[in-house]
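For 3-182, the entry in TrEMBL reads domain 'Formyl transferase N-terminal'. Summarising the annotation, TrEMBL assigns N(1)-(5-phospho-beta-D-ribosyl)glycinamide binding site to 12, 13, 14. If you look up TrEMBL, you'll see 65, 90, 91, 92, 93, 107 marked as (6R)-10-formyltetrahydrofolate binding site. Feature annotation from TrEMBL assigns active site, proton donor to 109.
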Ligand code: GAR
């Protein structure tokens, strides 16, 4: 069965949606690892409740991005990880991870890319006054939210929306789209053996 390492930095509602999909038999995969870069992130509590091994890597403990990512790659390889799934991981992926997991790092971003890449994508769309925004699942490359798109789902911005109501619908859409997209991808690609 394909092994996924989930990477997250914060609340972890997407982490939870993926774990729930595995537990319900909707996603045929194992999740042996959570990688987190923030020691107080709520996602760590979610991992503990789900009995998933969690490791926090604090960037400032490593001299360079390369050393930071080498430690992560080495842990993922020890766990025979096939795919890295970014679920609210707020750090740009560098060459070390990209080379080790080429074509096997997936991200979710809260906009219809290529519109509104980067931070605060929901707020960016809301403030711009667009009438439709949405969610994108994509492969990670060396750019910021720029890799090939795998799936998208649209979310209407309503006249009476506030940033809070819009954010809530965006999250609901993410929780539906992400596990389904990963399941489809794994069915198509099957398990790739780590190099
Ligand atoms: C999600 O909305 C995700 O799309 C976004 O962070 C949020 C994490 O929520 N990711 C990005 O903006 C990446 N550029 P969660 O911690 O509740 O899953």
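Glycine residues also receive a Cβ, built from the backbone N, Cα and C atoms like all the rest.
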Structural state of residue 13 (N(1)-(5-phospho-beta-D-ribosyl)glycinamide binding site), classified by DSSP into three states: helix
Distance-selected recorded positions near ligand 1 (C-beta under 6 Å), from 12, 13, 14, 65, 109: 12, 13, 14, 109
Helix, strand or coil at residue 65 ((6R)-10-formyltetrahydrofolate binding site) [DSSP, three-state]: helix
Segment-level pLDDT (mean, integer) for the domain 'Formyl transferase N-terminal' (3-182): 98
Using Cα positions only, nearest of the binding-site residues to residue 12 (N(1)-(5-phospho-beta-D-ribosyl)glycinamide binding site) (65, 92, 93, 107): 107
Candidates 13, 14, 109 (recorded positions) - the one closest to residue 92 ((6R)-10-formyltetrahydrofolate binding site) by CA: 109
Minimum Cα separation from residue 14 (N(1)-(5-phospho-beta-D-ribosyl)glycinamide binding site), reported as the residue among binding-site residues 90, 91, 93 that achieves it: 90
For (6R)-10-formyltetrahydrofolate: widest Cα to Cα gap among 65, 90, 91, 92, 93, 107 in Å: 19
Additional residues around N(1)-(5-phospho-beta-D-ribosyl)glycinamide, ordered along the sequence, whose Cβ is within 8 Å of the centroid of 12, 13, 14: 8, 10, 11, 15, 16, 17, 43, 46, 87, 88, 175
